[in-house]
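Engineer: Got a structure for you, written out below as structure tokens; questions coming shortly.
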Amino acid sequence: MKQYLELLNDVLVHGIQKPDRTGTGTRSVFGWQMRFDLSQGFPLVTTKKLHLRSIIHELLWFLRGETNIAYLKKHQVHIWDEWADATGELGPVYGKQWRRWAGADGHEIDQIRWLLEEIKRNPDSRRLVISAWNVADLPQMALVPCHALFQFYVANGKLSCQLYQRSADIFLGVPFNIASYALLTHMLAQVTGLAVGDFVHTLGDAHLYANHVEQASVQLERVPRPQPVLMLNPAVTDLFDFTYDDIVIEGYDPYPAIKAPVAV
């Protein structure tokens, strides 16, 4: 995961100090790209321990098309708690847009199911794109999409993914985002009969919050350890049938976690 540490170091050293929506203050750079060969190990940050249960359950929650945190709370995942209202609702966030995008004529579009069918039917398409950035729905969202758009690419029997992330909290958020979209790529590859290719992560505003600087410095002192391996239950042939128990990370040997406050 040297790619991630290079980003962290660059923003720490060269980032421009800017105010932000949360009032915390950031150092940021604009435009950064990382590439991970998914056949060479699962891109899970090892220089601090990540909460795997949160990463996996959040992705499964997105794929369920849900926008209420009840499912997450049931599985002891609290990463969305600060943004939910008293009933646990977040408005039309990722799950709604992925699975139930409101079409102009009123019918709902299941982008993920369409993507599955299109990869099988037309793998060379340049339109294998999913968007969570629904301009009409943004005012109703508790938090507008940070990871806004992603595209798939099939070549030589391998499935690759590129994510565009408009806003990237590089200490807390980006390690989760890398793992989440790498996991999604593996899952999609399995159910479409493909091998995995690359995960390409393109960042817009890549920022380090002012109250994460000390933690980032600690992390940069640590030498990355070998990447773990993702094992998916080979019996699963439908993307929507995956459960938490079907997803296993083997050989994850991280350094201790580094706590940092979330900017809300």
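Quick reminder: no glycine exception, Cβ is built from N, Cα and C everywhere.
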Engineer: Swiss-Prot has R21, R126, R127, R166, S167, A168, D169, H207, L208, Y209 down as binding dUMP; which of N134, N177 does it also list for that site?
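Structural biologist: Swiss-Prot names N177 for this dUMP site.
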Engineer: Between H207 (dUMP binding site) and A263 ((6R)-5,10-methylene-5,6,7,8-tetrahydrofolate binding site), how many Å separate their Cα atoms?
Structural biologist: 12
Engineer: On a C-alpha basis, identify the one among C146, S167, D169 that is nearest to A263 ((6R)-5,10-methylene-5,6,7,8-tetrahydrofolate binding site); the candidates are the recorded positions.
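Structural biologist: Answer for the nearest of the recorded positions: D169.
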Engineer: Between the Cα atoms of R21 (dUMP binding site) and C146 (active site, nucleophile), find the distance and write it as a whole number of Å.
Structural biologist: 13
Engineer: D169 (dUMP binding site) to H51 ((6R)-5,10-methylene-5,6,7,8-tetrahydrofolate binding site): how many Å between their Cα atoms?
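Structural biologist: That separation, Cα to Cα, works out to 16 Å.
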Engineer: S167 (dUMP binding site) has how many other Cβ neighbours within 10 Å of its own Cβ?
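Structural biologist: The answer is 19.
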